[in-house]
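Colleague: Per TrEMBL, the features are:
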type	residues	note
BINDING	GLY195, ASN248, CYS249, MET250, GLU251, PHE252, LYS253, ARG254, ASP317	(6S)-NADPHX binding site
BINDING	288-292, 307-316	ATP binding site
DOMAIN	95-386	domain 'YjeF C-terminal'
Amino acid sequence: MKRRGLELRTRIDKWNMPKSCVDVANTGTDVSCSFFNLTQRSQCRSPSSSQNAKHPSCGENINYNTMAPTLSPMIALEKSLLPYKGPSVKNMENIFQLVRNVIPPLTTKKHKGQDGRIGIVGGCQDYTGAPYFAGIAALKVGADLSHVFCTKDAAPVIKSYSPELIVHPVLDSPDAVNEVEKWLPRLHAIVLGPGLGRDDALLENAKGIIEKTKDRGIPLIIDADGIWLISLQPSLIQDYQKAILTPNCMEFKRLYEVMFNTSVDSSDLHGCVLKLSQALGNLTIVLKGEKDVISDGEKVIVCSHEGSRRRCGGQGDLLSGSLGVLAHWAFLAGPEKTNGQNPFLVAAFGACSLTRQCNNQAFQKYGRSMTTTDMIAEVGIAFGKLFET
């Protein structure tokens, strides 16, 4: 236990966190998310004449005998989001409550479309499963309508997977950007990249769709070959803080090396994700892995909600589709529903946790034979367990 505390102190000191935050982090219990405020740079110093003082950053009273601050409700919430040593249901509730706060209630007074109309941009001859998984995941999470903008030859295949998706065979047409733009006023979020492929013409159309999405201020989730496109031209999403990138390890490495001309420091993934977010203008980045590392350039969240040892293709598409819905809900709810936290950080944590819960439940049933289709079937129950109990 002492060694764990030393490692934690060293890691947080490395980020120049306030002394009080370090000691708060060493007094609690472990949760599935670690939430670090990386914007505070000043350090507390014990006064020579008194054992009590105010923290120079937050103004909270600090007792230097115990190094435990008297916490306001907001600071108490931050405390519950710091890394701890052992399990705590109470602290877990504080974290998931942020996600619950942005989920719109089901009511008979709403009409179709009010709880989310999500657009998936991707799907070509070689990759038809990815846009399906993203689109159906959005519906399973709670979106009312899910549109897929794909190539002409992919459309009948994707339509055959589900009658619930609205499929537009326009992505490889000469007028693709305008065809998608027609729908943007009706869409609440865009998920770009699942099944996109790397054909030059498709990537060029994707560029135009990104620009049109930015012009309308619509939340934009970029995954898979969409991230490949960003690594070729990072300026496409520079400073667009309504964008969320969801790279896996290799995609993150590629983008990081493009931005900094150096390799990722695997011993400091938190710092690397933070640095990349800052370099791109403080948009949200979700580095998927054994633990999902999320940052908006100011804070870092580490989601380690239990999943399983099974890694099957398509899980990232489930995540990006569900994130499209949660990003819309969080953006609509605003920071007042997330206690001042960045709504897109909250949405990202919710999507990561949900994907891991689906993975866990499906693995319990199917073990090694589990596929993403099995995970999709678990979305409803997983969502209820995490966010509605």
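Using the three backbone atoms N, Cα and C, a Cβ is placed for every residue, glycine included.
Please treat TrEMBL annotations as automatic predictions, because they have not gone through curation.
Not measured: the values here are computed from a predicted model.
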Colleague: Sequence order is fine: just name those binding-site residues in CYS249, LYS253, ASP317 with a Cα within 10 angstroms of LYS288 (ATP binding site).
Modeller: CYS249
Colleague: Can you name the residues of this chain that are 6 or more positions from CYS249 ((6S)-NADPHX binding site) yet have a C-beta less than 8 Å from its C-beta?
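Modeller: LEU287, LYS288, GLY289 - these are the non-local Cβ neighbours of CYS249 ((6S)-NADPHX binding site), listed in sequence order.
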Colleague: When DSSP is mapped onto helix/strand/coil, what comes out for GLY314 (ATP binding site)?
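Modeller: Reduced to three states, the DSSP call for GLY314 (ATP binding site) is coil.
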Colleague: Let me know how many other Cβ atoms fall within 10 Å of the Cβ of GLY314 (ATP binding site).
Modeller: 19
Colleague: How far is it from SER308 (ATP binding site) to GLY195 ((6S)-NADPHX binding site), counting Cα to Cα, in Å?
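Modeller: That comes out at 25 Å between the alpha carbons.
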Colleague: Under 8 Å Cβ to Cβ from CYS312 (ATP binding site), same chain, six or more residues apart: give me those in sequence order, or none if nothing qualifies.
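Modeller: Listed in sequence order: MET370, THR371, THR372.
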Colleague: With H, G and I counted as helix, E and B as strand and the rest as coil, say where DSSP puts ASP292 (ATP binding site).
Modeller: strand
Colleague: Most Cβ neighbours within 10 Å: which of the binding-site residues GLU251, GLU290, ASP317 is it?
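Modeller: Within the set of binding-site residues, the most crowded position is ASP317.
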Colleague: For the domain 'YjeF C-terminal' (95-386), provide the mean pLDDT of the predicted model.
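Modeller: Across the domain 'YjeF C-terminal' (95-386), the average pLDDT comes out at 97.
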